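As recorded in TrEMBL:
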DOMAIN    523-682  domain 'STAS'
TRANSMEM  77-98  transmembrane segment
TRANSMEM  104-120  transmembrane segment
TRANSMEM  127-145  transmembrane segment
TRANSMEM  174-194  transmembrane segment
TRANSMEM  206-228  transmembrane segment
TRANSMEM  255-273  transmembrane segment
TRANSMEM  341-361  transmembrane segment
TRANSMEM  410-430  transmembrane segment
TRANSMEM  468-499  transmembrane segment
Amino acid sequence: MIEPFGNQYIVARPVYSTNAFEEEHKKRDRPHKTFLDHLKVCCSCSTQKAKRIVLSLLPIASWLPAYRFKEWLLSDIVSGISTGMVSVLQGLAFALLVTIPPVHGLYAAFFPIIVYLFFGTSRHLSVGPFPILSTMVGIAVSRMVPDTSITTPELSNSSMSNGLNDSLLNDRKVVVAATVSLFSGIIQLALGVLRIGFVVIYLSESLISGFTTAAAVHVLVSQLKFILQLQVPSHTDPFSIFKVLESIFTQIEKTNIADLVTGLIVLLVVFIVKEINQRFKDKLPAPIPIEFITTVIATGVSYGFDFETRFNVSVVGNMEPGFMPPVTPDMRIIPDTIGDCFSIAIVAFAVAFSVASVYSLKHDYPLDGNQELIALGLGNIVAGAFRGFSGSTALSRSAIQESTGGKTQIAGLISAIIVLIVIVAIGFLLEPLQKSVLAALALGNLKGMLMQFAEIGRLWRKDKYDCLIWIMTFILTIVLGLGLGLAASVAFQLLTIVFRTQFPKCSTLANIGRSNIYKNKKDYLDMYEPEGVKIFRCPSPIYFANIGFFKQKLLDAVGFNPLRILRKRNKALRKIRKLQKQGLLQVTPKGFICTVDAIKDSDEELDNNQIEVLNQPISTTDLPFQIDWNDLPLNIEVPRISLHSLILDFSAVSFLDVSSMRGLKSILQEFIRIKVDVYIVGTDGRALGLQTVCIYRIYTYSIILQFCLRPD
C-alpha cells in the first residue's frame, strides 16, 4: 500500500522471500520459441513480408514515391551543386593519400554516391573519399608496391624508361588499391547480409576520437612531402611515422619553395574561411565554397605563370576524359592485406554510421545499421572494380549537404552529376593544378579531427577510464600504425572493461541523516549505520575473475573473517565441553565460573581432518546451557562481533557464473554458521541463478532494515 504524505510516500507491505512471493503470485506461462520455430518464421513467405524485404533492401523505393518535388527539388539541387564541387576537390586531394594519380579520386567520389542513392538509408550522408580511409588504403598500397623504379631489360637503355616505369608503377598501385577497396566492400556486404553490424559497438566514442586524431596526424605527416615536394620513401611498419619525419628532415634543404609558399597560403586561407563558415553559419545562406574558389585561382595562376616550367612544381598532370575499363582484382595480395581490408571496412562503417546517426536524430527518420553496411559495401565494391578506392563520408562534405538545404539523396545524385561532368568533360582544366594545393586542401579538412585533443580534458573530468582509452588509442595508433593501432586499441579497451569488472568499486551503505536514503558512507558527513547491520553493495557482475576480490572487500567491510571466527568458536566449544565434563565449569545467572586459572591453548598445527572439524557448523545441543559468545569464561578468548545481519545489495549485479556461485555460497555459509543472517536484495534470484543457494532468501531492499531491526 502506498499513501501520499505531503512530499513523501509511505510504503507498507509484507516482507516477501522469493519462494513466498512466487507462491502468492503465479507467473504467466510463456512458451519459449525453439530454433526451429525461429527458422520457420524466417523461411515463411507472404506478400507483406516480400514487400517489406524489398523496401528494406531498396530504401529508395519507400522515399522516392513520397518525394515532394515542389518543396524539396530546388533545395536538393543547390545542396548537390555545393557538395559536388567539394567532392571533386576532396577526391583529387585524397587520392594523393592513396599514392595513386588524382583522377582515380574522382572515380571514388562518383560510384559510391550512385550506389548509396539506391541502397542507403540516410538522407544527408555524402559518401565518398575520407582522409583516414585513404591513408589506410595508401599504407596497404605502399607495403605491397614500394616506391622503387620498375625496370625491365627491354626498357633499361631506353630514354623513355623513367616515364614508362612511373606508368607501370602507378598502374600496379591502382590495382592494389582497387583490390583492397573491393575486398573491404565484400567484408562490409557480408557483415550487413549476416546482420552482424553490431560489431561496431566495440568501437567506443573515446576510441574513435583517439583513433581519428592519430590518423589525422598520420595524414598530416604524409602530406608534408607534397607540400615540400620531397622524394620520401613509404614506410608501413611500426614507428613508420618517425621514419618518414626523419627522411623529411634529412633532405629539408631540397624543399621546393614555390610549392611550400603556395601550400601555406592555401592552407591559411582555407583555415580562415572555414572558421568564418563555422562562426557565422546561422547568418550565411550557404557555406563559402573556399575549396572551389582556391582551386580555381590556384589553377589559373599556375597555368598563367607556367609554374611547372619556371619553378619545377609538381602538378596533377594528364587527366584523360571519360572512364577507364574495370580492373581485375589481384587475388595474390589478399593474404597479405586481409587485415587492412577488415580494418578499413570497420572504420568506414563506424565513421559513416556515427555521422548518419546525428542527422537521423536531428531530422527524425529511421536508420538501419545493417542496411548501411550493405550500401557502403556495394559502393566500395563498385568503386574498387572501376579503379577507385574505399570511401565512407567526410564530415565537412556531409555538413555542407545538410546545411545547404539538402532534403534527400537527390542532392547526392546532383553532386554525382557534378563529378561526372568533371570526369568526362572539364577535367583537363585541372591539369596545371599543383599537388601542394591538393595537399593543403586535404590538411584543411583535418582541423575538426585535430581539435579533438580538447577531448582529453573533458574525458578526464567525466571518466578517467575513457580518458585513458583515448590517450592509449592515440599513442598506439601513432606508434604502431593505423591497422595494428586499431587492433591494439580495441584490445586495450576490452581490457579496461575486464579491469573495471574485476576490481569493482564496492561500498558500504549507510543512512543519510536518518532518512530512508542510503549512500556510500564515505561520501557524506551525517551518516547513520544501524547497529549490528552491514549493507554491502557490489556495482558489477560477479564472475570467476572477481569473486576473490569481492570476498576480500566483503571481509574488509564487516571487519572480520567469519571462517576464523567459526574456527575460534569451535575451539572454544571443545574447551567448554572438556571443562564441563571435568566439572571445572559452573553456570550462574551472571555467567560462567571456571575453577581453574588457566587453560593451556595448544598452538600446534592442525591436520586436514582437524581443520575440517573446526569448519563445521556449531552445535550446542549436547550442552545443558546456551552459550553467549560475547560472554565467555575469562580464560577462553573468542573475538567478539556485533554483526547480526548482512545485507548484500545486488541491484547492479547482472549475472553470476558457476565459479562465483560456488565462492559466494562458501562465504555466505560461513556467515550463517556464526549466526549472521544474510539477505540478498534488489535483484531477481532466478535471473542470477541464485536458486541453487536455497538457504538465502532474497528480499526487497526498501523494507529489509525494518525486518533486520525488529526487537525479537
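Note: Cβ is positioned from N, Cα and C throughout, glycine not excepted.
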Is it the case that the transmembrane segment (174-194) and the transmembrane segment (341-361) have 3 or more CB pairs under 8 Å, with pairs at least 6 apart in sequence?
yes
Counting CB pairs under 8 Å, which listed stretch among 127-145, 206-228, 410-430, 468-499 touches the transmembrane segment (77-98) the most?
410-430
Recorded stretch, among 104-120, 206-228, 341-361, maximising Cβ pairs under 8 Å relative to the transmembrane segment (468-499):
206-228
